[in-house]
Amino acid sequence: MSDVRVIIQRDSEREEHVVTTGTTAGELFPGQRTVVAARIGGELKDLSYELRDGESVEPVEISSEDGLNILRHSTAHVMAQAVQELFPEAKLGIGPPVKDGFYYDFDVEKPFTPEDLKAIEKKMQEIQKRGQKFSRRVVSDEAAREELADEPYKLELIGIKGSASSDDGADVEVGGGELTIYDNLDPKTGDLCWKDLCRGPHLPTTRFIPAFKLMRNAAAYWRGSEKNPMLQRIYGTAWPTKDELKAHLEFLEEAAKRDHRKLGNELDLFSFPDEIGPGLAVFHPKGGVIRRAMEDYSRRRHEEEGYEFVYSPHATKGKLFEKSGHLDWYADGMYPPMQLDDGVDYYLKPMNCPMHNLIFDARGRSYRELPLRLFEFGTVYRYEKSGVVHGLTRSRGFTQDDAHIYCTKEQMAEELDRTLTFVLNLLRDYGLTDFYLELSTKDPEKYVGSDETWEEATETLRQVAEKQGLPLVPDPGGAAFYGPKISVQCKDAIGRTWQMSTVQLDFNLPERFDLEYTGPDGSKQRPVMIHRALFGSIERFFAVLLEHYAGAFPVWLAPVQAVGIPIGDAHIPYLQEFAAKARKQGLRVDVDASSDRMQKKIRNQQKNKVPFMIIAGDEDMANGAVSFRYRDGSQENGIPVDEAIAKIAKAVEDRVQV
C-alpha cells in the first residue's frame, strides 16, 4: 500500500497527514460523532469517501449549515423508507432538506391522515434504531432505469440528469454529472433494506439521526407545476439534539400563536373572502385604523425628508412594460392582458417604477431639481400560484410604499447614505430595532452596464452600509441584472428574520426610458436611479408588526387606544363623556356599554389587547377621576380626567409600548 498525503483544514488551521491508500474521510476523525461528512476540493462527500493524494479535507459538523442539511436529507430518506414499508403502493417523488426541516412527496391513492403520520414516525424510530448504513454507488442511466422501473417520477428525474433545478428540489437527486443511488443496508448482514436515487451526501448510519418529528402533510404538485399530478407531501424536522428539537417545537408553538392570519381573525382586522379569491385581503375597520396610522406616519416622515407624492393608475398599455422590459423578464408574474380599445393589450401593473419614469420624463429636468424623490403608496398586482400565497406576506394584490430617487452621479453616495439612514430610523419608529444589512452584488452571467460602473456602485453601497455600524453580510451574485442593492434584514420579537427594506441602484431603466436632465454646462446627462421600498408592502409590513407585537400594538398603532369599563350601568354616561373629550384630541377611545359584568368586560378587552382600560365607579365620578388598568393587570387609581387623557396622548406621541 502506498502513502497518501492529505491536509485537514479546520478554519485557518492546516494539518498534513500521511495515510495509506484506501483510507476514508471518516477515518481521519475517529470517535468524533459530530462530524457527519467532509468537504473535499470544495465538494461535500460521505465519510466513506476514499482519500486521494494531495486532497484537502474539511470536516463537516452536524450543527453547521451543511451538516444540518445532510441530517435532514438523511431523515427524509428514512421517512420515505418508512412510508414504503407501511404503504407499499406509494410512489416516490422528491425529498430535499429545507429551512429547519425536510419534506418528501409521495403519490398515494388517499391523503395521509394524522394517524398515518403517527404510524410513519413510529416506523422511522424503528429504522433509526436499526442503524442502517447509507451506502453510495454510481450507476449508469440504463441501470438506474432498470432498478427504478416501478418509480415513474424517478424515471423522469433520470431524464433531466445534470440540468435539474434547485427550485423544485430535483437537484438533490440528479443535480450532478453522474447518477448515484443510496442503499440503506442492514448493519449486520449487509442486505439491502431500501434504496433511492440521490446525489447525497448522507450520514454514515441512521443512528446519527438523534431527534426528529413529523409536522404535517399537504397536497403539492409534482415539481411545483400545476400541469403535473397532485402528490402528498409530508413535512418533518430534525435536529442534532433532543433539546434543540424541543426548543424548535416551542418556537413553532409561539410562532403559531403569533400567526398574523390567526390574529387577524381573532382581533377582527382583515379577512380573505372566498368570493374575492386567494391572496386578496379586505381590511376591516380595526385593521383599517392600524393601516391608516401606519401610512399617515410614513407619509408625514417622507414629507419631512423631501419626498414628493405622486399617484399612478392600476393598469396601463402593454407597450409601457415592453419598454421597461417587464414583459421580457417578469411576464410569468403578471396577470394576463385585457384587450381594450380595439384589441390593445392592457395590464395590471406589477411595479410602479415605469410610471414614475414617465413622471420624471413629462418635462425637461434641470440639475437644480435633483435629487428628485418621488413617492407613492402604489397598489400592484402579481400573479402568485395559490400554493405559495400566504396571508398578507405573500399576496396577489398589495400596496407598496414605493420611492424612486433621481440624482446626479455626484449626489449618489450622499443620497444612498441619506436614504439608508432614513429607512433604518423609520423602521425603528415602528418598534423594530435588531437589524443587519445584506449587500447583493453582480451575477457575472446576467447584468447590464459596464464592469467599471458596477464596481464603483457596489463599493459606494458597501461604504454606505458600513457607515451604519451594522453587520454587513455579502450576497455574491444576488443582485438583479440592473444593479446592486442593500437589503435591510430585521429580527422580530421571537428571533425570526424578515427582509424589510431595499435600496437598489438601477442602470437599466434610465437607459430604456432615455431619461435625461440638463447639466450645469447645458449638456444632456443621464440621472442615477435608486429604487427604494421601505415596508416592502403595507400588507406585509402590517403582518410583520402584528406578529412582532403578537397583536398587542403600541398605543399609537392600536385600533382602540383605551376602553371605558363602567363598574355599573350608572357610570356609563360619565365614561362616554370621557371618551368624547378624548376623541376631540384625536384619541381612539370607546366605552363598553354591554350587559356583561365588569370582570367579563375586562377579560374581553384583554383578549382585544387594548393598551388602557379606563375604569370608573361612584368615587371616581364624585372626584372627576378615573382608574387606569394596564395590559399587565396593574392599576392606578384616582387619576383626574384631564390628566388621564393627557397620559394617553403622551403615550401616543412618544410611540411607547405599554
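Cβ coordinates come from backbone N, Cα and C, glycine included.
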According to Swiss-Prot, CYS353, HIS404 bind Zn(2+); identify which of HIS202, HIS248, HIS531, HIS548 is listed for that same site. HIS531
Are there any residues at least 6 positions away along the chain from HIS404 (Zn(2+) binding site) with a Cβ closer than 8 Å to its Cβ? List them or say none. ASN352, CYS353, HIS356, ASN357, PHE360, ARG373, LEU374, MET529, ILE530, HIS531, ARG532
What does DSSP give as the helix, strand and coil breakdown of the domain 'TGS' (1-61)? 4 helix, 33 strand, 24 coil
Taking the Cβ of CYS353 (Zn(2+) binding site) as the centre, how many other Cβ atoms fall within a 10 Å radius? 21
HIS404 (Zn(2+) binding site) falls, by DSSP collapsed to helix, strand or coil, into strand
